[in-house]
Every structure is written in C-alpha cells, then in structure tokens.
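**Student:** This is the feature table in TrEMBL:
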TRANSMEM  A:12-31  transmembrane segment
TRANSMEM  A:38-58  transmembrane segment
TRANSMEM  A:64-84  transmembrane segment
TRANSMEM  A:91-113  transmembrane segment
TRANSMEM  A:150-167  transmembrane segment
TRANSMEM  A:197-219  transmembrane segment
TRANSMEM  A:231-256  transmembrane segment
TRANSMEM  A:268-290  transmembrane segment
Amino acid sequence: MEQLLDAALFSSTLRVVTPILLAALGGALCSRVGLFNVALEGFVLVGAFSGIVGNYLFGNVWLAVLFAVLCVMFFSLIFGYMSINLNANPIVVGISLNFLATGMTTFLLRAIFNVKGAYYDSTMVGLPKWDIPVIKDIPWIGEVISGQSPLVYLAFILMGVLQFYLFKTVSGFRLRSVGENPVAAQSIGIKVRKHQYTAVLACGVLCGLAGAQLSLGQVTMFTEGMTAGRGFIALVATMLGQANPLGVMASSLLFGFMDAFGIRLQGLAIPSHFTNMLPYIVTLIAMFFFKDRSYLKDANKAGGSSR
Amino acid sequence: MLLQMENITKHYGNVTANQAVNFDLGEGEVHALVGENGAGKTTLMRILYGMEQPSSGSVKVKGNVVSFANPASAMASGIGMVHQHFMLFPSFTVAENIVIGREPTSGGVFDRKQAAALVEKLGEQYGMPVDPWAVVSECPMGMQQRVEILKVLYQGADIIILDEPTGALTPLEVKELLANIKSLALQGKSFIIITHKLHEVMEVADRITVLRDGRLTGTLAATDTDAEQLSRLMVGRELVSLEKQQLELGKAVLEVKGLGIRGPKGKGKALLKDIHLQVRAGEVVGIAGISGNGQSELIQAISGLRPVDEGTVQLAGVDIKGMAVRDIREHGLAHIPEDRYLWGAAKDATVLDNGLMGHHRSLQRKGLVKGKEARAKVSEWIRQFGIKAGSLDNKIQNLSGGNLQKLIAAREFAHDAHFLIAAEPTRGVDIGAMETIHTELIRKRDAGVGVLLVSSELTEILQLSDRIVVMYEGEIAGELSAKDATEEKISLLMSGGNRQT
C-alpha cells in the first residue's frame, strides 16, 4: 500500500484532474443559468485539437493555448445560439455537438496534418513545468504540488475565483437567479440572455483550457477521441458537486484520483478495463447518497454559508 | 388623479380583449378590478405594466402621457405588479429576493448584511415584518406574498397591482393581507386589485370597476354597492340561487373508521388521528378547516394516494385500504383533486388527453383509444361547462386556472361513481363557473351520489353541505348539521376552540 500511495500518485492525480476540473467548472456555470451542457466532451476535444493546431501554426505554446480558447469559444457559441436564441433542447444540441466534435477533429486531422489516428511532432514544445519556489523544497508536498503545468495551478485558482464570483458578487448573484427562475429574473429587468451567453462563453474558455492541458500538458500530441470520456466525467462531477465550484473540485479530485489510481493498479496486473470502471462505480454509489438533493437545494446551503 | 387610462382598446387578431375601457386611480386609493375569467382584467393591467401595447387609448401617470415599452419603464414610473404566480427565487433568502436588481454593495461585493438590514427596516416601515435570512421556499404562502409586496415597495412603486392576490392564501393570511393593504393605502400607496372574490373586494376596496367581455360595465364606490349587484354586473344576468331539497338518505357510500396516519418516519405528530367519518348516498358532507390540518391527508388516504397506518376505509361496503388507485376508482370513486396542477392535470398534454384521463379505459377498443368518441365526449363537456379551451389539441398549460378547473370537474362529474370527492372544487374560478360547478355538485347529490366536499371557503361549505365536519390538527374537532352551522361556530372549531368530541 505504501508503494501504491506515494507522492507520484498524488502528483499525477493533480495532472489528470485538471482537464476534468476545468470542464466541470464550465458545466457548473452553464447549469447555474439553467442550461444543462452535455457538450463538455466535444468542447474539450475541440480544445485539445485546436491547441495542437495553434502550436503548429504559431510555434508558440502560449499562443496555442489562446488559440484553443478562442476556437472553443466559437464552438460554444453554436451551443449558445441554438439553445438560447432558437430555444432548442440543450441536451439534443449538446449530443449533436459531441458527435460534430469527434467527426470534425478526425477530418481536420487528415486535412491539416495528413495523418490518421494521431499527430505527433517532436519539435513541438508543450506547456512548461513550473517549479514553485519554497514549496518545491518541502518534502512530499513539494513533490506533489510543484512541477506541474501552469494550467494545473490556473484551474485551482479559477475554482476559487468562480466560488467567489457566484456567491459573493452581485453579478454572480444575478447569474444564479437566471438559472433559478428565468421568468422572475426577466420580470425585474435582469438580462437573462446576456447572462446565459456569458456562462456559455466562459464554459468555452474553461473547456479550451481543459483541452490545451490534455494535448499540450503531458505529452504534446493529439489522438483521435483523446478526451476518452473525460468530458462526461466532468459532467458527472458538475452534478455531483451540485454545480458548486468547491463541490465540483471535490468530486473532480475524487475522479482524478480514481483515474490515477486505476493507472497505478494496472502496474499490478489488474486489467485496465476493470480499473477504467472505477470512476463510474464511484459515481453510481455517490449518486445513491445524493438522491434526495438537487443542486438547487445545495444552492440554498451555499447561500447560507456565504452569510 | 394619480393614474388615468382612457379609451384603452386592445385587439389580438380578431379577438377584442379590451374595448374602450376607462380606468383611474387616486392617491391612497384601493381600486378593485373585477370580472370573470377572460373579461380582460389581466390584459388591461398588462398594458399598464408595459407587458402589452394598447391598440389605441392613452395612459397618464400624474397627468403626463406615458407609454411603457416594457415592465422596467413602468417600474421607473412607480408602477409595480405582484403576479398571480409569484416571481420569487425559491432557494434565495427573503432579503435576496427583495433587493435583487438593486443590490447594496460594499467594495464591489454583494453586501448581504446591509440587504438584510434594509429589508428589515422596510418591513417595519410598512408594518409587514419579515425574517430577511429565511429561505423563501421554506416560507408559507402568506409570507411569500408579503415578500412580493415588499419587493415592489423596495423598487419604489407607488401604484401596486395585485393579480389575484388571495388565491393561494389561507383565510387567516387573507385577513392579514387585506389589513396590510389598508394600512399601506393610509400611507399613500395606491392599489389595483384584480380578483373575483367579492367579499374581499367589499372589505378592502374604495371603488370597484367591473369588466365583462372586455367592456366596462361600471365603476362604483364600494359604499354604494353590494356583492349581489357586482355579481350581476360581472355575469350580466341574475345568478340562480341554489335550491336544495331535502332528500331521503341512502346507504353509507363511504365509511371511515379509526383512520390514522403517523407522522413522517413514524416520528412527530400524527397527521391523522382516529378519524370516523360516514358519507351516505344523497348527502354532501363538508370538511372545513384551516388548510394543513389533515384535510389533504384524509383525501389522499381515501383515494389511495397515500398509505394508511390504522383503521379502515370502506367504499360502498368494500374495504379499499391498500388497493391501487385504479381499483378504488373502479369501485366507484370520482375525485376532483385539490391541487389541479399536481394531481389533476398533465401540464404538457393536450386538452383532449387531460379530459380523457380516467376515461381512457372505457373509451378503448383493443388497446386503442376511440378517437372520434373521445373527441365528442370532451367537446361536449367544453360546451356544457363553457370552458374556454381554444382547440382540443391546445396544451393544457395555455388554459387559465379557472378553465382547467372546469375541465377537471367536468371530467370527474362524467364518471358514473357513487362517491365523489370534491377538494377545493372552485379554487380560482370565476362566479359563473362556480355557479356551474355548484349546481352540478348538487345535481350529483340529488342523483344519489355521496359527496365529500373539502374547501377552505366557508361560504362554499355552508352553501352546499348537509353536514359539516371540522378538522383541527389531524382530528375531527366537531360536527355540525347544516341547520345550526354558522360561520362563527365553524371558525371557532377551526381554530381549535370549543372541542366537542
């Protein structure tokens, strides 16, 4: 057990949790304005692909991240326009965008790079690993926390920012009111659509970062369907965390840990198909405990704790 | 005059909702706007509140001609509206609900402490104290109503429109609300109250404007008129007073013995305790009580919607305890449920589908619904009860509450049942519809059906019942025959005084 739960395990937990956390925060924002966004998977996939394309085009990893963010924002606008302006069912729109993302990235992979399956270029530079001064010298903790990509740190900072925004600021309060009762929000002159678009676009930004971490964070490459269900895990983390940034972080960490732990177990000759099931089994069990609680009820409590 | 609406006309396509209506309001005045469903009251107020534009006519506030493109600009001119269905955020606190849109801040952050203080002060100033930290979903309806009014006051309204303000309130809450309105009017606030409850109108209004079919039929001072004259103006004809003849009572159709339901999870106070109740063929038994004293549980226990812990329930001699709802209904139960949206209708289904519910088994051939017959049947009800339903394929959520209630009542009356539960059968329906439903209830009784009437309207209970049972805290507090029942006696029993069991 000692060997199983070493610092490297927790370090890789932080790494794999980042895309899930970022996407789940985006999902939380959407569900706070009443749009259940099942397209997280597709958003992240587009982000991962455009991160690589940006890196290829500009030869600069920061511009690549920016490019990924812009591409996913554009992609999220489709979701916003369909479900906000055209009043289409967000679930249907989300599912079709997921398929669109799979097809489009596979097609463009061929069209742009002329390869099938995966694109890898050894001259491409991925995201740097940042050593955090002072912390890196603390035994164990330094090993876990230091030396991650900047997006890992950004994800946790954004979690705090969102928690503050939603529950402390006036704008966040109004944004939540839109999801809680759009008709009432409109009746007091709150611009419902504006808040919904803000949330959807912010979700695009977060998913763009999530995709960039995926394709530029650890290995600098893109493979077809490389999100491999992480967007859906993020969706579950959103629900499990009751669309509450702190809760979303807790559930994302749980999934990230199960993911990392699963990879570790594979080293012990436990089949990967089994370990891949772990996050979902945990989800099902967790859902059982949350059966009486909607995230709105949790919003109650969140409102209470921020007194 | 604070407000003048002159010659307001509003057409929707070929339909004229308002035809040359004049309406005015003075400072500190309470002006009631009454009329049946579809008489154009709501349209007129939507025009005033900027939700609709008039086809012609003008609106003047404090002598200046105004035109409101949206509610926000109406609000800016000091007009506020409390909608029939509350516009509240259930998981937010009272203070958050009141200050939303104009939140106090300190350093860019929503200052909830200051909001609470403001709300507390506002409540005190207008004699409507609230707990600013309470979560709205946990507040009773009367408190939510108060939050709505405080919200409008916080937004700086001088003219307050109340759309059917008492529909969801208990009698006690209604009393409080009316008292609040009067005291606010003394402080210079002006009210427009849309309603069809005439005794409330007579109690609180200074003037009353009656609309019928989109036209003004009269504006009267409350001191010069009475409820009878108003109802004539509303309906446009004399109302038939209910004739009840004495009947030979038949066998017991409902026999409840020692019925009990324990509190949630077996703990806490029992919801129902040792209920003995008999309804015989050809009588109307009225159940009075302040809502929440076990009436809902009793109905649900009888109709099979809720499991029973103790005692027996017999319908026409058959023990129905533990039976499925469908079997109970087949043993002769018809049921107009108290909450028409929760138990009575499927919001997204059509008028036809909702009308068919419960009749679908008798109207089928080999598992397929006989479409033609079904349509004919539902159309017949629509004609008979004067339901404004649009087409049969209209979604039920587009119907007004009163019309939906009429449809549900018609559907249940059509069952050939020997026992009928009518729970709040006329909640939110207008006088004409109320008359129809009451007449039909009495006709059912005369035909030998046992009727259990549950109502929070004492006048309804007194008017229809042969026997009145009063419930208090899950028990039967007393029973009165129609002859010696008075509003005072019932009220006393309802409030737990003078137990006579």
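Cβ coordinates are placed from backbone N, Cα and C, and glycine is handled just like the others.
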**Student:** Looking only at the recorded stretches A:12-31, A:38-58, A:64-84, A:231-256, which one has the largest tally of CB-CB distances under 8 Å to the transmembrane segment (A:150-167)?
**Tutor:** A:12-31
**Student:** May I ask you to check whether the transmembrane segment (A:12-31) and the transmembrane segment (A:231-256) make contact, with contact taken as at least three Cβ pairs under 8 Å and only pairs 6 or more apart in sequence counted?
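**Tutor:** Contact between the transmembrane segment (A:231-256) and the transmembrane segment (A:12-31): present, because at least 3 Cβ pairs are under 8 Å.
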**Student:** Would you call the transmembrane segment (A:197-219) and the transmembrane segment (A:38-58) in contact, using three or more Cβ pairs under 8 Å, pairs 6 or more apart in sequence?
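**Tutor:** Taking Cβ pairs at least 6 residues apart, the transmembrane segment (A:38-58) and the transmembrane segment (A:197-219) are in contact, with 3 or more under 8 Å.
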**Student:** Most CB pairs under 8 Å with the transmembrane segment (A:91-113): which of A:38-58, A:64-84, A:231-256?
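**Tutor:** Answer is A:38-58, with the largest number of Cβ pairs below 8 Å.
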